[in-house]
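Attaching a single structure in structure tokens format; questions to follow.
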2 protein chains.
Amino acid sequence: MKFKKTHDIDQISISLEGKQVVIGGWVEDLRKLGKMSFLTVRDVTGLAQIIVKDIALPEDLTRQTVIMVQGVVQGTKARDFAYEIKAEAIDILTKAVHPLPIDPIGRLESNIDNRLNSRALDLRNQRVAAIFKIRSTVLASLRKTFLEKRFIEITTPKIIGSASEGGANLFSLEYFGKKAYLAQSPQLYKEQMTIGLERVFEIASFYRAEKSHTGRHLSEFTSIDLEAAFMDYTDVIQILEDLVVQVFKDVIANCQTELAILERKLEVPKTPFDRITYSQIISELSQKGIDLKFGDDLMDSHLKLVGESHPGLFFLLDWPMSLKPFYIHPRDDDPKISRSFDLQYGYLELSSGGRRLHDPSTLKARIAEQGLDPASFEDHLRAFDWGMPPHSGWGMGLDRLMTVIIGTDNVREVVLYPRDPERLSP
Amino acid sequence: MKFKKTHDIDQISISLEGKQVVIGGWVEDLRKLGKMSFLTVRDVTGLAQIIVKDIALPEDLTRQTVIMVQGVVQGTKARDFAYEIKAEAIDILTKAVHPLPIDPIGRLESNIDNRLNSRALDLRNQRVAAIFKIRSTVLASLRKTFLEKRFIEITTPKIIGSASEGGANLFSLEYFGKKAYLAQSPQLYKEQMTIGLERVFEIASFYRAEKSHTGRHLSEFTSIDLEAAFMDYTDVIQILEDLVVQVFKDVIANCQTELAILERKLEVPKTPFDRITYSQIISELSQKGIDLKFGDDLMDSHLKLVGESHPGLFFLLDWPMSLKPFYIHPRDDDPKISRSFDLQYGYLELSSGGRRLHDPSTLKARIAEQGLDPASFEDHLRAFDWGMPPHSGWGMGLDRLMTVIIGTDNVREVVLYPRDPERLSP
């Protein structure tokens with residue numbers, strides 16, 4: 001590199017008029033007009049117009065070729081630009097092949113499979129880059145709220161020695177001659193961590209070997225997890241609501257450019273989110289001619305109907321115990337009903353959580369009741385004898401939350417390199 | 001739970017004298033003195049003294065039993081406390097068994113294996129909890145600096161379809177009938193992401209199937225990764241220095257209590273860190289009677305000697321190309337020397353990085369030269385035709401950085417659930 005980049009494009013403005021700058025970026029367009037050429041160059045922060053007049057234009061400037069430009073900032077008559085850069089020197093760093101496998105400007109639409117096969121190039125599309133800039137902002141927002149609420153960030157193991165949590169849908173691997181599994185959630189570990197750290201969170205990749213082919217399932221996904229001692233499920237529901245609202249506020253405040261590129265109008269959700277019980281949903285569905293009885297699971301087709309009458313964010317509370325994992329705590333007033341909830345966005349489940357059992361003997365009984373092998377839970381159950389506090393928590397799919405923010409029905413749009421039963425590369 | 005917790009213990013002070021509070025925590029100690037009992041209760045934020053006088057003391061209050069206490073704040077004559085709480089009601093939530101497998105107060109030392117087998121209880125030891133509170137602060141500090149320097153957070157896939165990056169020491173798994181691997185770094189993905197996002201970082205778990213039995217290797221580890229377009233290795237070295245210095249500053253500013261518990265006096269490292277070339281190290285070693293020639297690798301025994309003369313943080317620069325991975329860029333003035341570096345803390349390697357090759361044909365030649373299978377890199381090489389900018393980056397082991405901050409020589413002290421060839425549980 002002959003020059004050193006002095007500015008990102010969005011750091012240049014007409015206030016630097018007459019000053020020399022060096023930018024680096026990708027050739028987006030080139031127009032020749034007599035002895036002058038107009039070159040547009042894009043970096044991750046924006047687009048700049050370069051005037052090439054008194055110096056020779058390098059030959060063979062294919063689109064997406066990487067260049068550095070040294071030049072002087074000056075005023076412009078161009079409608080789309082607030083300034084232009086009069087080039088003094090142009091250095092070609094890497095030529096891009098022609099033709100490219102997809103059109104990174106997005107004028108020609110490519111299907112999602114072709115785009116994922118060329119994901120690095122796909123990110124030169126401003127719409128795609130905008131999604132992943134927003135994702136980075138969402139992650140920062142989530143962690144800020146967790147830390148403000150005095151949660152401690154933990155990292156749980158992803159390689160686990162026993163097929164806990166039910167055991168279905170786990171990827172298995174050989175681990176130095178032993179059989180191991182990839183964790184599908186930090187559930188048991190985060191519960192144990194409440195003994196020493198009380199309030200913990202983790203945002204990490206987890207794995208599910210499920211042969212799903214939908215727009216909302218992936219084999220590798222990012223999970224946002226929280227667990228808190230001395231809290232009931234109503235407390236962690238409130239935290240979840242605060243967290244989601246703050247995410248919307250931070251994206252609206254910090255991603256104006258990206259939302260504009262996506263033509264996405266985002267509004268802070270109204271609070272409090274509706275809190276609707278499972279039993280209310282059952283009677284709503286019965287009014288629509290769907291006859292379910294207490295204990296029946298809500299199938300996709302039912303949730304679509306629910307989503308029609310409740311299109312936004314709402315909590316679906318108090319599921320039957322029989323539909324919930326072994327670690328969920330019943331209500332005191334009716335042990336058939338659990339202290340559990342889902343956060344729904346219409347028909348889409350974003351998060352699931354609840355109060356957990358903390359009494360070791362009740363927990364042991366529930367594991368046996370659900371037909372699970374208590375031996376798989378030996379390590380976990382031991383911890384409940386050491387002073388396990390009452391605790392509640394939830395897990396939320398970051399990728400699903402991102403689909404709601406971006407406004408897409410395919411989770412592959414918001415994951416850089418999605419993994420599903422058919423896709424293992426690039 | 002009869003009561004709702006109103007305060008963390010560190011949120012109570014004598015300024016609340018006469019006010020009613022509810023705390024939740026673990027019984028640390030109990031002394032009876034005539035008709036009065038003194039109870040100490042610890043939560044994640046501190047220790048409180050409870051006076052039990054006019055109400056009955058619950059029977060069988062074993063240590064580490066979880067209780068909630070409602071009471072009134074009052075002044076105290078006790079030397080170790082700034083206030084005490086006169087109990088109005090005590091609710092036993094979960095009894096802890098007696099005896100416990102390890103002493104969570106730390107008065108009786110347990111070996112690391114017993115502690116890891118009871119990790120949740122081990123975290124009730126204030127020294128252990130302090131380590132993981134500091135770890136949470138370190139993570140927040142790292143991300144803050146990355147975002148300030150305009151890096152975008154990415155999540156790369158951990159399940160990968162080809163044994164890239166050399167291919168040795170990878171865990172393999174069956175992925176819907178295909179063979180897959182667990183990533184040992186985000187190297188190839190983060191390089192590709194510079195095409196669209198320019199400056200990226202990731203902090204995530206990665207995997208290495210290495211039969212190591214040292215205090216600095218684990219099979220599952222947290223890696224901090226950065227990659228930046230338009231930067232040379234000197235630029236990313238500077239970012240790394242800034243980042244590490246800021247981590248020390250933030251830990252010193254925000255973890256005073258934790259550092260005091262650990263009796264750890266931390267100082268902000270002096271800048272600039274020394275920058276020492278590989279060739280300088282070779283001649284230093286020769287003065288100590290170790291005869292190495294250019295191109296010889298530095299073995300553990302050599303690095304111990306280097307660490308004796310350079311005990312703190314320093315950069316070890318300009319390694320021979322022959323010792324470096326295929327993607328590392330040579331110097332222009334001498335193609336046998338690479339634009340690479342390690343960040344060392346004495347003999348301990350914390351980080352490794354450098355300028356990367358961005359020219360596709362040079363990269364292909366290097367892959368062949370190193371005896372690697374170009375077919376494994378097909379997806380990766382394709383991306384270099386799409387406008388790959390010059391770029392540099394590094395990876396740093398978070399767990400190793402934590403050992404330096406805490407002052408331990410065993411990485412198992414700073415990882416909640418370490419994984420090594422012998423340890424797969426809990």
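Placed from the backbone N, Cα and C atoms, the Cβ positions cover glycine too.
Nobody curates TrEMBL annotations by hand; they come from automatic prediction.
Annotation source TrEMBL lists domain 'Aminoacyl-transfer RNA synthetases class-II family profile' at B:132-426. Under the heading L-aspartate binding site, TrEMBL lists B:GLU165, B:ARG208, B:SER352, B:ARG356. Annotated region 'Aspartate' per TrEMBL: B:187-190, in sequence order. The ATP binding site annotation in TrEMBL covers B:ARG208, B:ALA209, B:GLU210, B:ARG216, B:HIS217, B:LEU218, B:GLU349, B:GLY397, B:LEU398, B:ASP399, B:ARG400. Marked as Mg(2+) 3 binding site by TrEMBL: B:GLU349. The annotation Mg(2+) 2 binding site is assigned in TrEMBL to B:GLU349, B:SER352.
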Where does B:SER352 (L-aspartate binding site) sit by DSSP, helix, strand or coil?
strand
Using only the Cα atoms of B:ARG208, B:ALA209, B:GLU210, B:ARG216, B:HIS217, B:LEU218, B:GLU349, B:GLY397, B:LEU398, B:ASP399, B:ARG400, which the record gives as binding ATP, return the largest interatomic distance in Å, rounded to a whole number.
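This binding site's residues have a maximal Cα-Cα distance of 19 Å.
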How many Å lie between the Cα of B:GLU210 (ATP binding site) and the Cα of B:SER352 (L-aspartate binding site)?
18
If you draw a 10 Å sphere around the Cβ of B:LEU398 (ATP binding site), how many other Cβ atoms fall inside it, taking every protein chain shown into account?
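The answer is 22.
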Rounded to an integer, what is the Cα-Cα distance in Å between B:ARG208 (L-aspartate binding site) and B:HIS217 (ATP binding site)?
9
Between the Cα atoms of B:LEU398 (ATP binding site) and B:SER352 (L-aspartate binding site), find the distance and write it as a whole number of Å.
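That separation, Cα to Cα, works out to 12 Å.
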Tell me, if you would, which residue among B:ARG208, B:ARG356, B:ARG400 (binding-site residues) has the fewest other CB atoms within 10 Å in the structure shown?
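Comparing Cβ neighbours within 10 Å for the binding-site residues B:ARG208, B:ARG356, B:ARG400, B:ARG208 has the fewest.
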Tell me the Cα distance separating B:SER352 (L-aspartate binding site) from B:ARG400 (ATP binding site), rounded to the nearest angstrom.
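The Cα atom of B:ARG400 (ATP binding site) is 12 Å away from the Cα atom of B:SER352 (L-aspartate binding site).
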What is the number of residues in the region 'Aspartate' (B:187-190) that are helix, strand and coil, as DSSP sees it?
4 helix, 0 strand, 0 coil
Please report the number of other Cβ atoms within 10 Å of the Cβ of B:GLU349 (ATP binding site).
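Other Cβ atoms within 10 Å of B:GLU349 (ATP binding site): 16.
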Which site among B:GLU210, B:HIS217, B:SER352 has the most other CB atoms no more than 10 Å from its CB, taking these as binding-site residues?
B:SER352
Please classify the secondary structure at B:LEU398 (ATP binding site) using three-state DSSP.
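The three-state answer is helix.
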Cα-Cα, whole number of Å: B:ARG356 (L-aspartate binding site) versus B:HIS217 (ATP binding site)?
25
In whole Å, note down how far the CA of B:SER352 (L-aspartate binding site) lies from the CA of B:HIS217 (ATP binding site).
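About 15 Å separate the Cα atoms of these two residues.
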Across the whole of the domain 'Aminoacyl-transfer RNA synthetases class-II family profile' (B:132-426), what does the mean pLDDT come to? Round it, please.
96
